[in-house]
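First up is the structure itself, then whatever we jot down about it.
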Amino acid sequence: MRKTIKTPEVPMDRILTLPELKSNPFRKRICHVFSTSEHKDGSLTFEDFLDLLSAFSDSATLEIKSHYAFRIFDFDDDGTLDGGDLEKLVNCLTGETDDTRLTAEEMRQLISNILEESDIDKDGTVNLSEFQHVISRSPDFVSSFKIVL
Amino acid sequence: MTSYSSGGFFNPAYHDSETLEIDRRSSSRTHHTNPYAREDPERGNMHYLSPDQTSADDAVGRVPWGGWQEESWRGRESIPMGLISTRPGSPSWQHDLNHSTFQIPADSRYDRSHSARLPSVSGNMTMRWRGISMRRMSMFPNSDPAHLAFTEDAIRNEMENEEQNLVKELVALSTRDRIRAIRDLPMSFEEKKHIRSQVLTFKSAKQSRQFTCFADCSENMSLSFRRCGYNVRSARQTLELWQGIMKEIGGTFGTSVLSYFVFLKWLLMFNIFSFLVNFGFITIPVLVYDPSPNIPLNVSFRGLEILTGAGYFNYTVMYYGGYSNETLVGLSDYNMQLAYFFTIALYMVLCGIALIFSMASSFKKNYVLADSSSSSAWQLLCSWDFNITNERAVRQRKNNLRVQLTESLSERAQGELLTLSEKLKHFGIYLGSWFLSTGLAVGCGVGIYYLCIYEKKHTTDAANWSLLQEAETLLVPFVVSLINLVVPLFYSLFNKFEHYSSQRKQIYALVVRNVLLKMSILGVLCYYWMNVVAEKFSCWESMVGQALYRLVIFDFFFLMLGSFFGEFLRNVMGRRLLPCLGVPEFDVARNVLELIYAQTLAWIGIYFSPLLPAIQILKFFILFYLKKVSLTQNCQPPRRSGRAAQMQTIFIALLFFPFFVGALSIVAYTAWSLTPSEQCGPFRGLNNTFSVVEVWIDKLETIPGSQWVVWIFQNVIRSEIFYFFITLIIIVVIYIFWQVTQGRKQLIVQLRQQIINEGRDKSFLLEKLQNLQKSNKKAKQKNHKKRASRRSDDHSSGGQSNSNAMVQALLARQRIEDEEERHRAGGVPVPSDISNSSALAQAMLARQRAEDQNEDSYQMSDRHSSSSIALTHSIQVAMVQGRDENYGMSGLSENPVNTSSAVTQAMQARQRAEQHRADDTDDLPSSVSSVMMQVMQARQRAEELPQNPAPAGSSALIQAMLARQQAQNEYDDGY
């Protein structure tokens, strides 16, 4: 019977006013990944919010962190990081404005470098296991994929 | 539903038949949308009344399919379905299947499957699930809705199975492990709850018989214990020291700077612990026994003692000399000598263990698999600090990241284009700077030694020094601290001339030079204390303690000065006077090395001045705030981020290896080899400190019941044999582990190669598949044209689209075969979860099934039995074989319904094959004859039909397919 009562959801705009998420370049992706809302608007229920915090907590394992990082970076939700995802990722990290983003040539070079480095099975995309392989080689990830309350 | 009951797979012979899995599936299919429906306009009118009805049929036909696959696909074991289907209000896909599967367009279904986070399963299982969806994507790049819908089902089934496996795994675990395992699943809260409830219901169902009161009680007990533990943990988190400040620093300056403060805090805690130990076991008993220090009358507190630590302090419990060697008689006897010895020993051992453990865990986490290529782009992309909350810091960080990314690109582009002369020049600079830095370190050590000798001449053993004498003692610590401040600055100047290929190497070089410097200074000082001071002064341990006290205090002052000059003045200069210098960055490496040096002083001093940790606590506490203010006021976030965790590991390793081990060996040397002073301290009158244990053992021998302690002492502590064996065993174990490591390294190389091979296989297969798809479409179009023009009117279009569907099936089959060949050629069997191509095979099977089902739906719509399908196929074989000779096959117009006509058709096929061979100029006799054999076999199967209708029919189908395929090949070759 509990199922029939709709759990209240906090809209994404409200969530994004939190100081911990306000200036994060991935804030919208984070909301979308953790949201279980049917409208796909990134609104979070209380349980989604708990999920978010636990994934970003100190005690979450590398497994969980890399899983969610993969989904955050997977902008088109297709289960792989392809060229488009990587481009969006780099743009998120360097800033979206024209003067901060990389040039098209640099971007192309960078993406081909990334794929060359991490695409073990050479299918042109980075899948979860390849991503986790990469993550296991960058030890800073665990300490930086963290939100301190 | 009809096909579910009418399909042949209830027949036991069906399951035992030797045919391929594909056969089993092909006979039990129902209506299904043809993936090529849009390309075949004729078909819709003939077999389907309307599109709406089609989808309705589909929805019905699909339901039993999941259940069927559950039990027969690959013979997988699974938990009875009841567990899944009876769960209350489960948000599972089954509802979708029953109600809404086909009302929703395929595209949106696909989207939802991701956002709804279908129950995925623990670590590797998630990966597998991801893998499947990934493979599906690459399988069907131009997503055909029908395909997607179908593979979606296959994936759901797969996941359903995996979920059940997971539940089974979890049930087998103990409560604590299960809780941890569930917590570590990468799923949403809802799904975790669902898994947990499933596990619990499964478990209670299992245990209901042996349910006892005791089990209930223990369950409750463990539950309350766990809750208590959680409460304690959360309370501890609330009481965490400096949490707010840490967050602020991390939010503005990132993790690498934060790691300095974490290290500082860790050292502070370390010192609090050591202070508590020393104070509790050594100082408190003395203070309780004799609260007033016995200070000579002519010594008074003058203020300068705070700096020098001499004079008044010399007679307090601050130093070694302030402790007595008596056995304190109170409520029970307290042997001061033993207490002093064991407390220090225990403290050193505990420090060592704590360091080893933190170092090992840090190594395991941060260093083991770290890549050597530091400029790799991924490392930059993954290093985004989610900690950072400051708007300005985020902007700065983005800029830095962009610069680093472009740098990494240009570095890569430049490559290694250094000429020989350039290389030689670099090498010369390295050599020169290393020579210079080592020379500087040695020179500093020598200088300090002569300074100490000079100081020794001027100090006397008198009880009361004049103020000047006292002030003179400050010379050595002043010089030492000055060297520690200035020389590292020189070292960082070297970096301007050297060109290290990576920043990491640069930092390492800096760290190694600084360590050398500090080691040489400390080594010289220790030599002086052990060999010169110990000879000259009557209460030399206290003198050493004083010297260490002074060093600690001066180190503190110079740390403050360092942050004033290094950060504040630099900031002022950078902002006002020389803008080109810029705002300074916080140099984590240098600051951490200073901390390590400070801590080493405290460790060496622990024997000579047991309360030195108190000074250290004060020092670190003030330093924390000082550094924090200096950082926020003067510094900017570091331009180069990353490697913070790795650097931290190195720092802990440094703290352990040269510094802690050095301090330990000095203390051990003092305790074992040096004669304690005769006038003061707890060990007066003994040959060395360790003999206090011998005396104690001698005493113990007289007490009955403590013989075992004596035995242990005689046979373990004092026996060389014991240590010999221990060393031997450790060496053997190390050797074995080393071998294991080597083996693993090889294994890693092999597995990596295997992954690459699998990837190549996969891309090859995909290419082939796409080619086939293209050629298949073309061929089909050609077929259409041919048939439309050449066939007479009485040919039913049903037959035409049958053959159309069969082309699909054949192609799919061919693909499977190709892939099987690949597998055989590949040789090494690979576990399914890491093998891409075997999973690919599954995806292909799914696709194959889709196509099979399409094809079957045609057959079923004609209300034929499965035998007639086979026959139709053999007719098709025959027809294609003889297509160029005879197009008007009258038999085709009637749908064959009985066995004898099937045989006739097969015979015809054979005839035509023969005819064809005769026509052909014996080019390919072998292939034609093999085609014949296939057709013969098909005929045989068809004749067996009455006994065993479904399997025979379906295997006949396969044979017919083979025949047709070969015929087609040959046909193509002929032209």
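Any Cβ shown, glycine's included, is placed from N, Cα and C.
Computed from a predicted structure; not experimentally measured.
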Key: region 'Disordered' according to TrEMBL, located in which of B:818-842, B:843-867, B:893-917   = B:843-867
Message = If I take every residue in the domain 'TMC' (B:539-645) and average their pLDDT values, what number comes out?
response = 85
Key: Candidate ranges B:266-287, B:427-453, B:474-494, B:647-672 - greatest C-beta contact count to the transmembrane segment (B:601-626) (under 8 angstroms)   = B:266-287
Task = Could you put numbers on the helix, strand and coil content of the domain 'TMC' (B:539-645), residue by residue per DSSP?
result = 84 helix, 2 strand, 21 coil
Ask   = Hey, would you say the transmembrane segment (B:647-672) packs against the transmembrane segment (B:427-453), going by three or more CB pairs under 8 A that are 6+ residues apart?
value = no
Message = Are the transmembrane segment (B:338-360) and the transmembrane segment (B:266-287) close enough to be called in contact, which here means at least 3 C-beta pairs under 8 A that are separated by 6 or more residues?
response = yes
Ask   = Which one, B:427-453, B:474-494, B:506-530, has the most C-beta pairs under 8 Å toward the transmembrane segment (B:551-569)?
value = B:474-494
